[in-house]
Amino acid sequence: MRVVSSLFLPVLLAEVWLVSSFNLSSHSPEAPIRLVSQDYENQTWEEYEWADPRDDNEYWLRASQQLSNETSSFGFSLLRKISMRHDGNVIFSPFGLSVAMVNLMLGAKGETKVQVENGLNLQALSQAGPLILPALFKRVKETFSSNKKLGLTQGSFAFIHKDFEIKKTYFNLSTMYFDTEYVPTNFRNSSQARGLMNHYINKETEGKIPKLFDEINPETKLILVDYILFKGKWLTPFDPIFTEADTFHLDKYKAVKVPMMYREGNFASTFDKKFRCHILKLPYQGNATMLVVLMEKSGDHLALEDYLTTDLVEMWLQDMKTRKMEVFFPKFKLNQRYEMHELLKQVGIRRIFSTSADLSELSAVARNLQVSKVVQQSVLEVDERGTEVVSGTVSEITAYCMPPVIKVDRPFHFIIYEEMSQMLLFLGRVVNPTVL
């Protein structure tokens, strides 16, 4: 088994596909991106040169905290939607999906834009200004980028059909706030387009996702891809010498053998008496943390998801105590792909996927333009050195004498977040660590 050099790697890719019924004139594959100048637009971004609405650092701190809370709530809601479709392993990024949708929202107007804001739980924040959401995400991304120990790399590609005209304002805003790299693409030649896009994504994810695209609709006009590469190293690694094959109980009747890591040391943890679950913190270098939620009894993990909220997680964190413990934790790898557009419809984001979509801030030929797909793929690897991956009910929590051993040998949930911003980076569950 190959050992990944930097341990825990979530790789996240969020694709957004825009499809039009127009047949536009042909240009050479090398043709530059066609921008419609502002001089010829009916410009509605009056505050295009918009700066921070306030210079008050306290305001930005409060707004960033609210952004993190709402992104977490959005993530927990999506987890419940995913669980309605299947009960297996899960890994996705609420942060990555929110970034992709807010990037796209720069091109939306009217009810189309409002539905995206509401679906992401960001309608209250957006009232501060037309570009407050992109500005907030930009600040968060810059904070991550400046923290080299965090090991988080992000980026955005826009594969745009060679003769599709986008508004200069959208081009500039998406570049300014999301560092979007635009790549001219001939979607009429689907095999060429597929090869080009897979080449870019394979390179940026360091080979973790070599073939993201299979089939390409020749009517596609724009594909947005946001990616996150997280190479988290445990603050205190597990020693591979102590890793041994052990039993992981899938349920009361089935079990599998997995490589089980072991470490003795000081761990922050607590126990929720109401939900009967252990909560364990596994810190990374660079102020990131994996929170492991392990039910006391095997088979109860799905029931917990109905009650997961930002308030509940905050209570867990506040109640944690650091103790000397023995921890057993399985090595595993996850690779999950989700048709997020179907899930987004369930949280009220529907118009952007219909013929009623208003994307007139994105293109002057926005009539008949709609989003056909939002796809997210995440890869997560966890081993001894770390990770390498491409509002609620108050519960009674009672401090108690933690058992000397926590053995994660049954299905569990994990929450990966950045400590300073409290931003939820990845969320998921492991039901069977031997299955991708």
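Cβ coordinates are placed from backbone N, Cα and C, and glycine is handled just like the others.
Note on Swiss-Prot: of 128-145, 218-235, 254-271, 362-379, the range annotated with the feature region 'Heparin-binding' is 128-145.
If you draw a 10 Å sphere around the CB of Tyr253 (site 'Essential for interaction with PROZ'), it holds 7 other CB atoms from the protein chains shown. Checking each of the recorded positions Asn69, Tyr253, Asn287, Asp306 against Asn172 (N-linked glycosylation site) by C-alpha distance, the shortest gap belongs to Asn69. You'll find the Cα of Asp306 (site 'Essential for interaction with PROZ') roughly 25 Å from the Cα of Tyr253 (site 'Essential for interaction with PROZ'). Panel annotation: around the region 'Heparin-binding' (128-145), residues 45, 47, 50, 52-53, 60, 63-64, 67, 98-99, 102-103, 105-106, 117, 122, 152, 154, 173, 176-179, 418, 420-421, 423 of the same chain, lying at least six beyond its termini, place a Cβ under 8 Å from a Cβ of the stretch. If you compare Cα positions, Asn287 (N-linked glycosylation site) sits closest to Asn69 out of the recorded positions Asn69, Asn189, Tyr253.
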